[in-house]
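Enquirer: Look at TrEMBL and you will find 31-55, 67-91, 103-127, 148-170, 190-210, 246-268, 280-301 tagged as transmembrane segment. According to TrEMBL, the feature domain 'G-protein coupled receptors family 1 profile' maps to 47-299.
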Amino acid sequence: MDSCRIPANASKCSGNTMECFMVLSTQAQKISIGILCGLFGTMCVFENSLVLYLIFSSPGIRKKPSYLFIGSLALADILASIIFVCSFVNFHVFNEVGFSKEVFLLQLGGVNTSFSASLSSLLLTALDRYISISRPSEYKLLMTRKRAWTALAVLWVTCATIAGLPLLGWNCCTLDSACSELFPFVDDNYLSGWVCFVVVLLGCIVYAYAHVLWRARQHVAYMEKHQAQAGKQNSRMRMDVMLAKTLAMVVAVLMLCWSPVLVLMIYSIFGRLSDRLRKVFAFCSTLCLLNSMVNPIIYALRSKELFSSLRRVWSHFRRQLKAPEESPEAESTHKSSVIETICEDTHAV
């Protein structure tokens with residue numbers, strides 16, 4: 001596919017060059033990508049929708065800033081799954097190129113916004129956990145629902161603005177600059193800036209959780225030395241420690257899923273990718289969906305509040321299935337049978 005290398009002239013913005021980015025050459029590769037995207041995307045939408053329902057259907061949970069940030073993470077993962085799967089499968093599996101540069105950059109902006117918002121939500125959650133553990137007596141004063149909603153608004157606006165820059169003019173067609181080898185119409189300098197943005201987010205998340213886990217270990221040691229002072233304070237500390245460990249697991253999975261993609265993006269900026277590496281990048285991109293699918297599973301297994309809410313929803317659902325006799329048809333049939341029995345008894349008397 002060296003003949004499809006993007007030339008340094010105006011033809012790099014033509015519709016024909018989009019075919020050069022369709023790196024899946026065999027039917028088996030296309031079927032594999034389609035199955036992975038379909039499986040991961042469907043599970044991701046279902047699981048994160050369930051998380052959103054559990055959070056916002058429970059008054060006690062949705063009032064907590066921690067779960068507002070987790071709700072933002074779930075929403076970002078839902079949007080990322082829908083936009084990514086639709087655009088990725090349409091492009092790489094069905095080889096659809098019948099859309100304009102603006103439409104492609106709009107789809108790419110949607111994917112970038114969602115994934116950036118997902119990472120930023122994890123960062124806000126890390127900061128929230130750090131404040132809760134390091135300054136528990138001032139937590140409710142520092143982390144109010146109003147401040148949480150304000151932080152989320154700033155987060156989404158910032159991510160959407162950064163992701164929309166190519167559509168607003170920062171692309172290799174408008175600037176007549178070097179195009180990326182991984183994404184059509186994307187300027188290499190923009191890709192470098194976006195990768196730096198993501199790396200900074202990941203670095204801040206890791207740094208924040210290093211402090212969170214360090215403070216968590218301090219609290220564990222404190223509780224072991226002051227067992228006699230058990231109560232709400234210690235109970236809350238234990239809850240914060242557990243949630244901190246849970247979100248540390250989320251970050252570990254995040255790094256494992258995102259590292260291959262980021263490494264290949266960085267390599268494409270400084271060198272030329274072979275056809276084989278570009279195919280590897282296409283398959284590694286599905287790991288981002290895997291990350292979005294795994295996050296809710298970690299919440300359900302580690303968060304007692306969400307797990308309790310899930311059990312209540314499941315119990316209610318089972319009761320609905322086991323109570324068909326409460327339907328109007330069953331109730332009328334039951335009443336008529338009772339009346340017939342009474343009439344028979346009356347005649348017998």
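Including glycine, each Cβ sits where the backbone N, Cα and C put it.
Help me understand the surroundings of these features in the structure.
Expert: Remote same-chain partners of the transmembrane segment (31-55), defined as residues 6 or more beyond its termini with a Cβ less than 8 Å from a stretch Cβ, comprise 24, 61-62, 67, 70-71, 74-75, 77-78, 81-82, 84-85, 88-89, 92-93, 282-283, 286, 289-290, 292-293, 295-297, 299-300, 306, 309-310, 313.
Averaged over the domain 'G-protein coupled receptors family 1 profile' (47-299), the predicted model reaches a pLDDT of 85.
A Cβ distance under 8 Å defines the sequence-distant neighbours of the transmembrane segment (148-170), meaning residues of its chain 6+ beyond its ends; these are 65, 68-69, 72, 102, 105-106, 108-113, 116-117, 120-121, 124, 128, 185-187, 190, 194, 197.
If you look at the transmembrane segment (190-210), the same-chain residues 6 or more away from its ends with a CB under 8 A from one of its CBs are 112, 116, 119-120, 122-123, 126-127, 129-130, 162, 165-166, 170-171, 180, 182-183, 244, 247-248, 251, 254-255, 258, 262, 265-266, 268-269.
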Enquirer: Six or more residues beyond either end and a Cβ under 8 Å away: which residues meet both conditions relative to the transmembrane segment (280-301)?
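Expert: Distant contacts of the transmembrane segment (280-301): 23-24, 32-33, 36-37, 40-41, 43-44, 47-48, 50-51, 70, 73-74, 77, 80-81, 84-85, 88, 92, 115, 118, 182, 246, 249-250, 253-254, 256-258, 260-261, 264-265, 268, 273, 307, 310.
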